[in-house]
Amino acid sequence: MQRFIKWLAVITSLDLLIVLLGGALVTKTGSGQGCGKSWPLCNGEFVPSNLSMETIIELSHRLTSGSAGILVTLLCILSWKYYKHVRETKTLAILSFVFLVAQALMGAAAVVWGQMPAVLAIHFGISLISFASVILLTCLIFEIDQKFDARSLIMDKKMKFHIYGVTIYSYIVVYTGALVRHERASLACPDFPLCSKNRPMPTQLHEWVQMGHRVAAMLIFAWILYAMILAIRHYKQQPVVYWGWIISFILVTLQAVVGVLVVFTNASLAMALLHSLFISCLFAVLCYLVMLGTRIKVNAKEAGSTSKQTK
């Protein structure tokens, strides 16, 4: 059974990643109304008779979201049953399921009633939490933390602050990026790093949205760079922290490069999807560091109780 659960966890993680990228594809191609205003049917039909490209994209996104719902539910039930001895299992299972349902309902509401771009931008963030929760659940199932000897992890308050702070801030950056997509502001500023050679400062809403995201992205790049330097200097003996920040910096660098290429490739589809891919992976890595950070007090308590028993 455990082998089956491991396969299920991997397939579920991949399915949720496809859901995230599929949502970005729907937004990028303007396929949100590919099935009209009907849900769960498509243009009022179970199998649509008129298949335009927008319909195919929207319908595919709905099907992958539906399969993800089934897989996440099954994974939550089995992990709850067979891995309940791991303290984070129940919390992650609940988060995975609740946020997946929330993003599905929000997606349906957007189709039927429509939503403001500011509200639609939350949709990607909700999906991202579900994805990260499933990734962490998968890590627990594969006992990744034991391979890194996470029980002996030592971390000072400064490093924990950076882990929690960057993770929370990354979610804000994700929202600003999603807002850029939903406001159709990807090409509002045709130059980089300033908005335009003729007008370096933004003058209207779409330009402010675009430049706001750029500033937020530059700040997270600098923050992760600083945290990585700290990890390299002081955490070489803690591989999970050391490599966690190095991987995070690689991902945020790729994210930044692709973000610039989005501007200079006229917001090509490939760059837009890579932009969503890298931020999804980065958020998952940061959430894993958060999970380990929450264990520090537990590890300390366990060590304290053990020493008392020894005395």
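Every residue gets a Cβ built from N, Cα and C, even glycine.
What Swiss-Prot says about this one:
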ACT_SITE  Glu58  active site
BINDING   His61, His123  heme o binding site
BINDING   His213, His275  heme b binding site
DISULFID  Cys35-Cys42  disulfide bond
DISULFID  Cys189-Cys195  disulfide bond
TOPO_DOM  1-6  topological domain 'Cytoplasmic'
TOPO_DOM  28-62  topological domain 'Extracellular'
TOPO_DOM  84-91  topological domain 'Cytoplasmic'
TOPO_DOM  113-121  topological domain 'Extracellular'
TOPO_DOM  143-159  topological domain 'Cytoplasmic'
TOPO_DOM  181-211  topological domain 'Extracellular'
TOPO_DOM  233-243  topological domain 'Cytoplasmic'
TOPO_DOM  265-271  topological domain 'Extracellular'
TOPO_DOM  293-311  topological domain 'Cytoplasmic'
TRANSMEM  7-27  transmembrane segment
TRANSMEM  63-83  transmembrane segment
TRANSMEM  92-112  transmembrane segment
TRANSMEM  122-142  transmembrane segment
TRANSMEM  160-180  transmembrane segment
TRANSMEM  212-232  transmembrane segment
TRANSMEM  244-264  transmembrane segment
TRANSMEM  272-292  transmembrane segment
Local Cβ density at His213 (heme b binding site) - other Cβ atoms counted within 10 Å: 24
Three-state secondary structure, which DSSP defines for Glu58 (active site): helix
Position of peak Cβ density within 10 Å, selected from the disulfide-bonded residues Cys35, Cys195: Cys35
Secondary structure composition of the topological domain 'Cytoplasmic' (84-91) [DSSP: H/G/I, E/B, coil]: 3 helix, 0 strand, 5 coil
Spatial neighbours of Glu58 (active site) among the recorded positions His123, Cys189, Cys195, His213, His275 [C-alpha, 10 Å]: none
Model confidence over the topological domain 'Cytoplasmic' (1-6), averaged pLDDT: 86
Cβ atoms near Cys42 (disulfide bond) (within 10 Å, other residues, all chains): 23
